[in-house]
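Look at TrEMBL and you will find 20-38, 50-73, 93-112, 132-154, 174-198, 219-242, 262-284 tagged as transmembrane segment. Residues or ranges marked as domain 'G-protein coupled receptors family 1 profile' in TrEMBL: 30-282.
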């Protein structure tokens, strides 16, 4: 290995390891907070758009665990199990593609639902329901489980874990990546999130309370920035993956392989931001969400802890009073 190969290898190592720590740990914490806020706050209960955001946070964590963590762990440890275990090679591809299908389609569902829920026409607003959201997500999960099964058959190990069938590579790059994971969800989510934003801007006074209108504003803005993050991080990654699937570097050319690994690591890092930064862009873009997070994590828990402490103190005080009343008074004997 010459000096340039060694330098590129060192760059790839440090970039992978440190970007992995910087995205996986904060990403898992942020996704967990999203789930807690959307499930604990009464304002979001029964709201289909909030339900889609919960599902998104769950599968953001799924991708961080099965896509990002094995990648940087293999570089950090110097041992890649996908190159030695055919079972793990196939299983990881299956799990990662399940997560990719559910995540991208769920973002589309959220954008479409927010467009319907903010629409002027009552008939369209009625199409946005919690039960419909649950059925849509259940159907999506079943479809993803069945669809991703095809990757179990075509992933194999030939020096690296990947697909080596030319026909399947064409499907994998131009149908799966370009259309199913790339173009279709990007266009659909952008279109309906922008339409929902227009609905909110031109919303007329309805019998609904002002709190409902503020919730529509908040969820529409959050879904819009979620879609923007998805588009900005997915387009470069999808473009690179399509190119690399169809133009693999010569494995005998160590410099070309090293350059390819560094470029892939950079684009993978950008793509990982889509699953790790959602909570933080919600905090930045929505002052109302910041107050809700602060309330759930601090005020509500603090009040609960304080109330439990007061309750325990009262129980102890009452017990002491009862004991004092029931205990016999000491007798005094006269000589």
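Every residue, even glycine, has its Cβ placed from backbone N, Cα and C.
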Closest-packing stretch to the transmembrane segment (262-284), where packing means Cβ pairs under 8 Å, from 20-38, 93-112, 174-198: 20-38
Stretch-level contact, the transmembrane segment (50-73) and the transmembrane segment (174-198), CB cutoff 8 A, at least 3 pairs: no
Recorded stretch that, among 20-38, 132-154, 219-242, has the most CB pairs under 8 Å to the transmembrane segment (174-198): 219-242
Long-range environment of the transmembrane segment (93-112) - Cβ separation under 8 angstroms, sequence gap at least 6: 49, 52-53, 55-56, 59-60, 62-63, 66-67, 133, 136-137, 140-141, 143-145, 147-149, 151-152, 155, 161, 176, 180-181, 185, 188-193, 196, 223, 226-227, 230, 234, 275
